[in-house]
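Taken straight from TrEMBL:
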- 123-144: compositional bias 'Polar residues' (COMPBIAS)
- 22-109: domain 'Myb/SANT-like DNA-binding' (DOMAIN)
- 117-146: region 'Disordered' (REGION)
Amino acid sequence: MAAAEVPSYLVSPQTEKHRRARNWTDAEMRGLMLVWEEFFDELKQTKRNAKVYEKMASKLFEMTGERRLGEEIKIKITNMTFQYRKLKCMTDSESVPPDWPYYLAIDRILAKVPESCDGKLPDSQQPGPSTSQTEASLSPSAKSTPLYLPYNQCSYEGRFEDDRSDSSSSLLSLKFRSEERPVKKRKVQSCHFQKKKLRLLEAMLEEQRKLSRAMEETCREVRRVLDQQNILQVQSLQLQERMMSLLEKIIAKSNV
């Protein structure tokens, strides 16, 4: 039985909130990349950033003419960040970026570091002692040291052995890393395929449940129609019996 349609003005706000959002167009996605890059520092520096997402929504509306809620932008950015990290984990050992049009843009955005306001210089840029101070602090014994040290065969051979052992250990570590990366990649791919297979099985199970519910509804409808047909047949037989009795009475009266 078809259900009666509910007027649009009776739809509750919860139904409107959980209704499926429309898909993002290419123009909206390009605009979102620009807006996200513009407000990235502000998003990272504020904990309660609902107002920031609202400003991003208004900025996106000015750029594309498409109206989006701040919550929609937040969900879209979260999903794209998750997709980017998954692709980056799967293609970490490869030089070719994945075939996703927004991968490089998101990589550039997430590589940014929010600007600090304390005004301190990094450790590499801290002012150190000047050259004159360094030269003045040298001891006379250091200044009198000759430029060329005498040849020492034992120390040279020892250093050569150490360098050779270090190079062999580094080669072994590189070999282990190169062997470990394909194993890790295969594990990630197998896990991805297992999740995909599980989602496919869940979808098939849900379709089977829908089909079984539809079959049960059809069987109930068929039984109801058959019951109505039986009732009509019984009523028809009763009418035929009454007609026969009336005809018999009419024939009996005509014979008299």
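Cβ atoms here come from the backbone N, Cα and C positions, even for glycine.
Each residue of the domain 'Myb/SANT-like DNA-binding' (22-109) gets a DSSP state, and the totals for helix, strand and coil are 62 helix, 0 strand, 26 coil. Taken together, the residues in the domain 'Myb/SANT-like DNA-binding' (22-109) have a mean pLDDT of 87 on the 0 to 100 scale.
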